[in-house]
Amino acid sequence: MAVAARVVEEDPDVVEMMKRRDDEEEEVVDEAWDYKGRGAIRGSTGGWRSAAMILCVELNERLTTLGVAVNLVTYLTGTMHLGSAASANAVTNFLGTSFMLCLLGGFLADTYLGRYLTIAIFTAVQAAGMAVLTISTAAPGLRPPPCSSGGSGCAAANGTQLGVLYLGLYMTALGTGGLKSSVSGFGSDQFDESDGGERGSMARFFSWFFFFISMGSLLAVTALVYVQDKVGRRWGYGICVVAILTGLLFFLAGTTTYRFKKLLGSPLTQIAAVTAAAWTNRNLPLPSDPSMLNHDDSAHTTAKPNQKLPHSKQFRFLDHAAIVETTTAEAKKRKRWAACCTVTEVEEVKQLVRMLPTWATTILFWTVYAQMTTFSVSQAAVMDRRLSTSFVIPAGSLTVFFVAAILLTVPLYDRLLAPLVRRLTANPRYDLSPLHRIFVGLLLAALAMVAAALTERARRDAAVTLSVFYLLPQFLLVGAGEAFTYIGQLDFFLRECPKGMKTMSTGLFLSTLSLGFFFSTALVTVVHKVTAESRRPWLADNLDEGRLDNFYWLLGGISVVNLAVFVAAAARGYVYREKRLADAGIIHI
């Protein structure tokens with residue numbers, strides 16, 4: 001043994017390999033620190049071990065949020081005795097608030113707390129919110145009495161009962177928004193973009209991130225909904241509390257292995273600085289030669305390190321922020337901070353402006369998505385859901401087909417459709433761009449509303465109760481549409497955002513979900529008010545007495561118009577940031 005060890009030690013190749021391994025274990029990752037504030041060692045921090053702890057948090061967040069949302073409308077109508085329109089709005093307001101609060105969470109993470117503390121604090125808030133919801137559903141005094149036989153004499157929930165319920169819902173929404181704003185970013189922080197191997201692992205992390213989201217959704221719409229309907233809602237919500245706390249413990253257990261990034265400040269400061277400087281200098285003439293603008297990147301209005309960007313001809317008004325003033329007297333009259341923006345900082349703000357048309361035209365997809373957790377569940381509740389004489393599918397569990405479509409679409413595209421197109425086009429590197437993916441998702445959403453309208457009309461006019469499986473087309477189309485839209489949006493907003501603005505860009509992406517749900521609330525409110533006095537209101541509490549199909553037709557028509565606007569204003573002529581940098585010789589692709 002001693003002789004063998006000595007031979008190994010004297011082998012120069014083995015010695016070099018061991019030295020390289022020791023160097024890797026002691027190598028400090030650039031711009032990353034461990035939990036004690038020291039430089040993060042590559043071999044002992046970050047990587048998949050740390051990412052796995054973070055993925056557990058996201059799994060439980062999705063399980064909880066969707067587990068509440070997808071079956072909430074049946075609780076509000078059946079137990080709290082609210083109308084169908086009011087119940088649908090309560091669900092979409094809850095989801096909308098959850099995602100809108102991602103902007104607050106992102107601001108706090110960037111400016112004050114950091115992503116680690118933001119996740120830890122808001123996960124605890126989400127657990128507290130679910131605990132309040134559990135109490136709300138368990139305490140008899142926090143629910144109205146059951147309806148008398150025959151369905152008459154249903155007393156609606158009073159203010160106190162609804163107050164406790166909404167307190168739990170919006171505490172949960174606050175926790176969801178806070179942790180969701182940072183969880184994907186903190187996960188990507190565990191991989192070093194400057195290292196080829198870790199950069200590839202980061203790309204796989206986003207695939208696993210979406211997979212864990214889908215698995216949480218699958219558990220929510222199957223096991224959790226079944227427990228809520230068959231065992232008791234308080235048990236279903238109680239399981240969520242335990243799951244969130246378990247995920248939090250896993251997350252905290254990985255503290256010593258995480259890589260942390262220094263706070264860079266909120267990008268809102270830079271946006272405000274550039275906007276204010278452009279407005280302050282609006283009367284100054286722009287130089288004919290862009291090289292005369294401020295290119296001094298050694299002094300920024302923000303503390304973050306910027307990647308130098310070339311000047312572009314779009315949105316020339318913002319170029320006023322980079323004008324170098326030659327008249328000292330004029331310069332002193334202006335706010336000093338508003339006159340020192342560089343071309344790079346201005347171009348970063350321009351890049352955000354270029355992303356806005358895509359941001360605006362993807363909102364409507366999530367309005368269509370909202371119908372899958374509201375009116376589609378109401379449809380399922382009045383259809384034949386029997387699989388056998390002893391088993392009835394819970395109405396909320398129909399979304400399992402929605403989740404299944406998501407899980408199937410991604411591998412089918414990667415393993416079947418994309419290779420087929422590569423062979424047909426003789427382009428081995430062909431892949432759908434983010435905007436192409438979004439286009440497919442928006443198209444599928446419009447088709448889903450057509451399918452939903454046709455199904456609802458057939459259900460209402462049928463002489464017998466139709467099988468719930470007639471709803472499958474709308475669930476499958478929206479599910480496949482989410483796979484294309486969500487991944488396309490995530491890729492677009494992370495790929496196109498300026499360096500140092502990932503958290504804000506993620507917040508922009510998630511705000512489309514929020515605004516989509518809020519638009520659903522507004523649309524339902526307007527339609528219900530306008531048609532309430534007609535002979536057959538579109539959104540009646542009893543679906544058989546309403547015209548829900550007309551609402552679906554309306555949403556389908558709006559989706560078609562939105563798709564056309566997306567093509568004309570967002571997709572056509574868009575030049576990706578990577579190509580802009582390559583054309584300027586800054587990077588090579």
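In case you wondered, yes, glycine gets a Cβ from its N, Cα and C as well.
Within its own chain, the transmembrane segment (90-109) is flanked in space by residues 65, 68-69, 72-73, 76, 82, 115, 118, 122, 169-170, 172-174, 176-182, 185, 266, 268, 370, 373-374, 503-504, 506-507, 510-511, 513-518, 520-521, 524, which lie at least six positions past its ends and keep a Cβ under 8 Å from the stretch. Taken from TrEMBL, the feature transmembrane segment applies to 90-109 (among others).
Annotation source TrEMBL lists transmembrane segment at 115-135 (among others).
Taken from TrEMBL, the feature transmembrane segment covers 205-228 (among others). With a cut-off of 8 Å between Cβ atoms, the residues of this chain six or more beyond the transmembrane segment (205-228) that come close are 51, 55, 58-64, 66-67, 70-71, 184, 187-188, 190-191, 235-237, 239-240, 394, 396-400, 402-404, 406-407, 410, 486-487, 490.
Residues or ranges marked as transmembrane segment by TrEMBL: 234-253 (among others).
What TrEMBL records for 352-371 (among others) is transmembrane segment. Same-chain residues lying 6+ beyond the ends of the transmembrane segment (352-371) with a Cβ under 8 Å from its Cβ atoms: 91-92, 95, 271, 314-315, 318, 435, 438, 441-442, 445-446, 448-449, 452, 478, 481-482, 485, 489, 492-493, 496-498, 501, 505, 508-509, 511-513, 515-517, 519-520, 523, 552, 555, 558-559, 562, 565-566, 569-571, 574.
Sequence annotations record features per position, and here TrEMBL assigns transmembrane segment to 391-413 (among others).
Same-chain residues lying 6+ beyond the ends of the transmembrane segment (434-455) with a Cβ under 8 Å from its Cβ atoms: 358, 361-362, 364-365, 368-369, 371, 376, 379, 470-471, 473-474, 477-478, 480-489, 491-492, 495-496, 549-550, 552-553, 555-556, 559-560, 562-563, 566-567, 570-571, 574. Residues annotated as transmembrane segment in TrEMBL: 434-455 (among others).
Within the same chain, residues 210, 362, 365, 368-369, 372, 376, 379-380, 383-385, 393, 398-399, 401-406, 408-410, 413, 437-438, 440-445, 447-449, 451-452, 455, 458-459 sit at least 6 positions outside the transmembrane segment (467-487) and bring their C-beta atoms closer than 8 Å to a C-beta of that stretch. Residues annotated as transmembrane segment in TrEMBL: 467-487 (among others).
Taken from TrEMBL, the feature transmembrane segment applies to 508-531 (among others). Using a Cβ-Cβ cut-off under 8 Å and counting only residues 6 or more beyond its ends in the same chain, the transmembrane segment (508-531) has close neighbours at 85, 88-89, 92-93, 95-100, 102-103, 180-181, 355, 359, 362-371, 374, 489-490, 492-493, 537-539, 547, 551, 554-555.
What TrEMBL lists as transmembrane segment is 551-571 (among others).
Same-chain residues lying 6 or more positions outside the transmembrane segment (115-135) and placing a CB less than 8 Å from one of its CB atoms are 54, 57, 61, 64, 68, 105, 108-109, 142, 164-165, 167-179, 181-183, 185-186, 189, 234, 237-238, 240-241, 244-245, 247-248, 251-252, 255, 258, 260-261, 503.
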